[in-house]
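Below: the structure, in structure tokens.
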């Protein structure tokens, strides 16, 4: 079977049978199209023509950068390999090949990258940089509510902008967050986030709304707030607050997890709140808190 035809069938399977989100599917499509392009350049068109050495050569080229493409980091090449593995696993399951040639291909080695976080005072400065007084604009009020939700729940930006008004509940006081694979989780949100969301619903959202859209966070035209606009709001707040750290879309999520663990929360509870399918993913934050402890020890202990 032609690899491109197989790729289209597989992506349809992921959308229909697995229920992957449109964002995840778009990412998979980009990775698999890059793989197909590379195979065609190597004059390989049929899935049966691919060997383990072929996949290994592809990963090496991802790291080097070929055909005018920039080299990928080890982590990015590793994610691309995961997609390729998924395609070959599907080919085996469908009986199109007799062996999964990608199963034993190792991802590029990468050093452990500890996620960047903000301290508690930095988070407070970040959020307080957005006006809340009577002169605050509807966008200011919306942005403050958005940041409070991101830090108060650990939601991904894509999850936060995907919230519906009906996802906000007061009895109990939780947000219904829809994560990867359309999996839902109920996450408590604290008094500061609740107050900011309530203020937004009363003072700002009616001014932004141009119709009856059920989406919680709206843009200035009354439509759903995009991930890019939410990210811009976070960067704008960081600029107002004078925070020099390199803020990423996941910074508040990382900070949420780190501060919970530093406060004594069990790692499996944090796993549930973040919506991680495996506790291994969450344990990266235990390394962050351990590193913080080592830094304090080095600066304070007389024999450090």
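Glycine residues also receive a Cβ, built from the backbone N, Cα and C atoms like all the rest.
Noted in Swiss-Prot for the protein shown:
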type	residues	note
DOMAIN	1-92	domain 'Core-binding (CB)'
DOMAIN	113-298	domain 'Tyr recombinase'
ACT_SITE	156	active site
ACT_SITE	180	active site
ACT_SITE	250	active site
ACT_SITE	253	active site
ACT_SITE	276	active site
ACT_SITE	285	active site, O-(3'-phospho-DNA)-tyrosine intermediate
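Here the Cα atom of residue 180 (active site) is found 15 Å from that of residue 253 (active site).
DSSP assigns residue 250 (active site) to coil, not to a helix or a strand.
Distance noted between the C-alpha atoms of residue 253 (active site) and residue 156 (active site) is 7 Å. Among the active-site residues 156, 276, 285, the ones whose Cα sits within 10 Å of the Cα of residue 250 (active site) are 156. Contacts of residue 156 (active site) defined by a Cβ separation under 8 A and a same-chain sequence distance of 6+ are given as 179, 249, 250, 253, in order along the sequence. Fewest Cβ neighbours within 10 Å among the active-site residues 276, 285: this applies to 276. Under the three-state DSSP scheme, residue 285 (active site, O-(3'-phospho-DNA)-tyrosine intermediate) falls in the helix class. For the recorded site, residue 180 (active site), the DSSP three-state label reads helix. In terms of local Cβ density within 10 Å, 253 ranks first among the active-site residues 180, 250, 253.
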